[in-house]
Amino acid sequence: MIKALVGLGNPGPKYKDTKHNIGFKVIDEVAFKLHLKNPLEKYMSIVFHIKEQDIYLIKPQTFMNNSGIALRQFVEKTKIAPSDILVIYDDMDLPIGTIKMKPNGGSGGHNGVESIIRELRTQEFPRLRIGIGRPASKEEVTNYVLSPFEYKDTPIVKKTIEKASEYAIRSLEEPLEYVMTLCNTKSS
């Protein structure tokens with residue numbers, strides 16, 4: 001079972017509703033569902049800690065491309081293995097509304113995941129990938145991920161965040177392989 005959920009995103013109101021911050025949105029939804037309040041600021045992150053179960057919800061505050069720095073600090077202090085940390089992030093290779101889990105792997109071109117791989121010196125950490133779709137041209141990637149979802153996509157995005165938060169919570173309570181099978185066989 002997972003011991004920490006890490007949602008990737010960028011800090012500050014400017015980025016709050018961007019596609020790149022969907023990992024933060026999932027963490028916020030998990031915290032809401034678990035009735036968690038008053039997060040701490042530590043490990044260069046916003047952190048919710050469920051002491052009874054020793055579970056963490058983390059939103060690195062280092063900006064996306066340096067997420068690994070915050071996560072390395074967390075791992076060094078808590079001694080939680082990377083394989084027990086579920087990283088939640090946006091994925092342009094998946095259509096909007098799609099959710100997929102995988103046990104490990106490369107960065108897939110995601111700078112936040114690349115930073116984590118570099119800082120933790122391993123690819124052996126599970127991921128919960130949330131589809132945000134792809135822009136029409138490669139030149140638009142930065143603007144695309146740093147812009148909000150289109151209004152027409154709002155209902156599906158809300159439903160996706162809700163569903164992703166359910167998988168994240170289940171990963172804290174049930175074997176990851178089981179949750180992964182559920183996630184990857186559902187039509188998300």
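Any Cβ shown, glycine's included, is placed from N, Cα and C.
Per Swiss-Prot, tRNA is bound by Tyr15, Phe63, Asn65; the candidate from Asn111, Asn143, Asn184 named for the same site is Asn111.
Summary of the tRNA site environment: with the site residues Tyr15, Phe63, Asn65, Asn111 set aside, the chain residues having Cβ atoms within 8 Å of the Cβ mean position are Asn10, His20, Thr62, Met64, Asn66, Ser67, Gly112. Packing around Asn65 (tRNA binding site) is summarised by its Cβ count: 13 other Cβ atoms lie within 10 angstroms of its Cβ, all protein chains included.
Taking CA atoms as the reference points, Asn65 (tRNA binding site) and His20 (active site, proton acceptor) are 11 Å apart.
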